[in-house]
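Taken from Swiss-Prot, the feature motif 'PP-loop motif' covers 47-52. The [4Fe-4S] cluster binding site annotation in Swiss-Prot covers 122, 125, 213 and is backed by sequence analysis.
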């Protein structure tokens, strides 16, 4: 076997392993939050970025083996930004044989008219985009709207709200729209951004730049993202621990009187499970909750070189 063939098999093995992990993450999120049900028509919002490409690919993959039947329709909103490559997504989706719709709305022109030069346009743009996508979902008869936010996005939003908004509020994996007509799901909620990036690189998706609008990036979110990346580098497993914390909320040990009846605690009240810690020293496990050792993609299991592509 030549060196090139050996490398090719190794790369394929690693890609299969990565795809299997992403499939597992997405499958668990779908099951935990009942994201997809029998007969659902899922509108997959495709921006042309790594996250939405990965979401579509994994959902298509799961569709082949899922115990329920559901359909997918990819939707892209062409906001008429200068330089937007209109041909990329139609060509890609037609090659895949995926049902799709390109919605053309000049939200770029509206935003430029309303927002002064140099100001961040993301907020208005997001509201306009949301309304158009909700309308499109109704037109297509979609029962669910799938967005490509991942685990890192959810954590960033939690810290953004804590640092700048004074709220412990993240980004829900599943929600009902304000008008009560649309269910939004985030199938990548359990997926790590670095896994998505590696998968997108390996699959060579035709990525469309996200800076075509010329808007300044959300500097506050960038600060949070840099902070989390630094923590992940210096303290392996802490990101997993923090995400696990979002799934293990104990209202009786916070300070929100809307979530727990502190005033109602009197002599004779029921005992709060785990509540008698006032004089105890905190017991923190040495190994972070939810942490798993980082897999070394350079280590090749010779016994599994001939693994077939994940179906």
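Positions of Cβ are set from backbone N, Cα and C atoms, glycine also.
For the motif 'PP-loop motif' (47-52), residue counts in helix, strand and coil come to 3 helix, 0 strand, 3 coil, using DSSP.
Over the motif 'PP-loop motif' (47-52), the average per-residue pLDDT in this prediction is 97.
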